[in-house]
Amino acid sequence: MTKTLPKDFIFGGATAAYQAEGATHTDGKGPVAWDKYLEDNYWYTAEPASDFYHKYPVDLALAEEYGVNGIRISIAWSRIFPTGYGEVNLKGVEFYHKLFEECHKRHVEPFVTLHHFDTPEALHSNGDFLNRDNIEHFVNYAAFCFEEFPEVNYWTTFNEIGPIGDGQYLVGKFPPGIQYDLAKVFQSHHNMMVSHARAVKLYKDKGYKGEIGVVHALPTKYPLDPENSADVRAAELEDIIHNKFILDATYLGYYSEMTMAGVKHILKENGGELDLREEDFQALEAAKDLNDFLGINYYMSDWMQAFDGETEIIHNGKGEKGSSKYQIKGVGRRVAPDYVPKTDWDWIIYPQGLYDQIMRVKNDYPNYKKIYITENGLGYKDEFVDNTVYDDGRIDYVKQHLEVLSEAISDGANVKGYFIWSLMDVFSWSNGYEKRYGLFYVDFETQERYPKKSAHWYKQVAKTQIIE
């Protein structure tokens, strides 16, 4: 049976400042840790990215033409405060005013994120969110933006607190490139959640008219053998690292007994301890019912198997299928079942996982209010022919995920919109320019945009709300 979505559903496209803007040192922008880290460790940099800094009128005109009525944008913190605090860079402020004005002119509602992986270098080198001083700097930056940009109706504090801790301190593919430090992972999660809570409370206390939430990446975790209690435990522990710890902080205002028991077990196996303070929990408690919405980024699920050995993680950054490895001491290892398809980057394609995660949020955290799917899409080595890309695989991927959204809505979940990652091709943090996600193909040499087959398909779905 053909599935449909509600008439008021937002069909959006997602971007991020550092992945799209380029212009990394233009008009007074301060450095971020990624600038040097990419030069030192990867085969690409964030120049020119998609040159969104100059090309945003083109991208927003395409959005309007192709029925995209929402856009995720992030503000580059170091465009506003080049060192993270102190003097304001007025040219950066002016850029975002012009960008938001263009969004509204094109009837594309901006959903604006304050932090999308790009802490200013001065604060990053000072410990990033492991340093509690930077909680204060973030809250002050948020306060400035809330006051300066009243034209923004939808704010999110952070994009993917989980993958930030994961990328920086577990996998080590984000600066500062530390591996296997689980205590730092959890401390980063916690301190960022405290930062989120304080910013949300401030927003509500000031009585601003818009809405505010947070974007979490929530990959669903399953036991490889549901009948094997050790596999079930491995999936539970992996879920605590990536999902439950953060969701508890967001919606309970504390960490449940089960969550903390898992954290203690993981740290007993891997070393380290956490600094969790009473005032932190006061901040979390004060904000737990103030979130207007939850953004869920969902690309994949994982299957976990019990494992007795040392931690080893190999990141597949070049799309060499089968080259990744993930096993954590005292937790488990990822083993993909044969029946699930995978991308060249070993990401497991499993739309049912999105349904299961939405229903988990609905059932376990009933104060969630509403959900937007803030990222979902398929990374591909797109073939550019006839001035387009015949990306049937991407269409199929998005179609399947929209269908499970329709099912979740039918089953009582309040899902209000979907943002495809990404609106146009952007650069990928740890994969470069080869891994493309956009509805619009970007020739990174000329910065020309070309609609892919998926753009035409998405336009039709947005117009009719019928998924076919």
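Every residue gets a Cβ built from N, Cα and C, even glycine.
Taken straight from Swiss-Prot:
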type	residues	note
ACT_SITE	GLU160	active site, proton donor
ACT_SITE	GLU375	active site, nucleophile
BINDING	GLN19, HIS116, ASN159, GLU160, ASN297, SER428, TRP429, LYS435, TYR437	D-galactose 6-phosphate binding site
Once the DSSP letters are reduced so that anything not helix or strand counts as coil, what is GLN19 (D-galactose 6-phosphate binding site)? helix
Other C-beta atoms within 10 angstroms of the C-beta of TYR437 (D-galactose 6-phosphate binding site) total 25
What is the interatomic distance between the Cα atoms of TYR437 (D-galactose 6-phosphate binding site) and GLU375 (active site, nucleophile), given in whole Å? 11
May I ask which of the recorded positions GLN19, ASN159, GLU160, ASN297, TRP429 is closest to GLU375 (active site, nucleophile) if we compare their C-alpha atoms? ASN297
If the D-galactose 6-phosphate binders are GLN19, HIS116, ASN159, GLU160, ASN297, SER428, TRP429, LYS435, TYR437 per the record, what's the largest distance between their Cα atoms, in Å? 20
Let me check the 10 A CB neighbour count of ASN159 (D-galactose 6-phosphate binding site). How many other CB atoms are there? 25
Measuring Cα to Cα, how far is GLN19 (D-galactose 6-phosphate binding site) from GLU160 (active site, proton donor) in Å? 15
Measure from the Cβ of GLU160 (active site, proton donor) and count the other Cβ atoms within 10 Å, all protein chains considered. 25
Which ones in the same chain are close to ASN297 (D-galactose 6-phosphate binding site), with CB under 8 Å and 6+ residues apart in sequence? ASN159, GLU160, VAL215, HIS216, ALA217, LEU218, ILE373, THR374, GLU375, ASN376, TRP421
For TRP429 (D-galactose 6-phosphate binding site), which residues of its chain lie six or more apart in sequence with Cβ-Cβ distance below 8 Å? GLN19, TRP34, PHE117, GLY167, LYS173, PHE174
So, in DSSP terms, is TRP429 (D-galactose 6-phosphate binding site) helix, strand, or coil? coil
